[in-house]
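S.K.: Below are the structure tokens for one structure; questions will follow.
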Amino acid sequence: MVEELPSVFLVGPMGAGKTTIGRLLAKQLGRTFVDSDWYVESQTGADIAWIFDKEGEAGFRERETRAIDELTQQPQIVLATGGGAVMAAENREFLKQRGIVIYLNAPVDVQMARTAKDKSRPLLQQPNPRKILQGLYSARDPLYRQVAHIIMPTGHTYPRHMVNQLLQQLNSFCASTSVVSEPEKD
């Protein structure tokens, strides 16, 4: 059943494990893994912190939307999106309509533990990162849930075990819906 899956898109807050789980899931599915943040960096030749510094968050979000539009049209990939990708209605539509969306739901304590020393996250370079993470979680959680086909809690199991659970959920999801492979493009 897994061979028939369309692309799989991972959403969730920073520190949820989208990149780690995405890589492992792609390997299990025999698919290409793409991280939308890395894609934006490769397209601009600059890191996200620089883009935020020079263009602000709005400039980065415009680039991110273009990237998500392009990436969600690629057949049978596993895509890890940036934590804020769901803020744009356009991105939510691309994700929901073009593949299976998995929300990796990490509590704020897990996010703090995983991002505490990461200086590459511009939104956390503030005096109170916990407050920032809590605010982001409160604002974004309903949007992650709105776009998700599958919700997977993170932070309490090993990544490989989580990927095995996701494969089971993907099989169940496909069996219970009319999900088929993406049509060939003309």
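FYI, residue positions are counted from 1 along the chain as it appears here.
Heads up, the Cβ atoms here are built off N, Cα and C, so glycines get one too.
Residues annotated as ATP binding site in Swiss-Prot: GLY15, ALA16, GLY17, LYS18, THR19, THR20, ARG121. Feature annotation from Swiss-Prot assigns Mg(2+) binding site to THR19. Taken from Swiss-Prot, the feature substrate binding site applies to ASP37, ARG61, GLY83, ARG140, supported by sequence analysis.
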S.K.: Here are some binding-site residues: LYS18, ARG61, ARG140. Which one has the most Cβ atoms within 10 Å of its Cβ?
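M.R.: Comparing the binding-site residues LYS18, ARG61, ARG140, the most crowded Cβ belongs to LYS18.
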S.K.: Given the substrate site residues ASP37, ARG61, GLY83, ARG140, which other residues of that chain have a Cβ within 8 Å of the mean position of their Cβ atoms, reported in sequence order?
M.R.: MET14, GLU64, THR81, GLY82, GLY84, ALA85, VAL86, MET87
S.K.: Check the DSSP secondary structure of GLY15 (ATP binding site), expressed as helix, strand or coil.
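M.R.: It is coil.
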S.K.: Least buried of the binding-site residues THR19, THR20, going by other Cβ atoms within 10 Å?
M.R.: THR19
S.K.: CA-CA, which of the binding-site residues ASP37, ARG61, GLY83, ARG140 lies nearest ALA16 (ATP binding site)?
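M.R.: That would be GLY83, the closest of ASP37, ARG61, GLY83, ARG140 to ALA16 (ATP binding site).
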S.K.: Find the longest CA to CA distance in the recorded substrate-binding set ASP37, ARG61, GLY83, ARG140; express it in Å as a whole number.
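M.R.: Taking every pair among ASP37, ARG61, GLY83, ARG140, the longest Cα gap is 18 Å.
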S.K.: Which of the three DSSP-derived classes (helix, strand, coil) applies to GLY83 (substrate binding site)?
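M.R.: Going by the DSSP assignment, GLY83 (substrate binding site) belongs to neither helix nor strand, so it counts as coil.
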S.K.: Measuring Cα to Cα, how many Å separate GLY15 (ATP binding site) from ARG140 (substrate binding site)?
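M.R.: Here the two Cα atoms are 14 Å apart.
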S.K.: Give me the Cα-Cα distance between GLY83 (substrate binding site) and LYS18 (ATP binding site), rounded to a whole Å.
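M.R.: For GLY83 (substrate binding site) versus LYS18 (ATP binding site), the Cα atoms are 9 Å apart.
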S.K.: Which of the binding-site residues ASP37, ARG61, ARG140 has its Cα nearest to the Cα of LYS18 (ATP binding site)?
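M.R.: For LYS18 (ATP binding site), the closest Cα among ASP37, ARG61, ARG140 is found at ASP37.
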S.K.: Rounded to a whole angstrom, what is the C-alpha distance between ARG140 (substrate binding site) and GLY17 (ATP binding site)?
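M.R.: Checking the Cα atoms of ARG140 (substrate binding site) and GLY17 (ATP binding site) gives a distance of 16 Å.
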S.K.: According to DSSP, does THR20 (ATP binding site) sit in a helix, a strand, or coil?
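M.R.: THR20 (ATP binding site) sits in a helix per DSSP.
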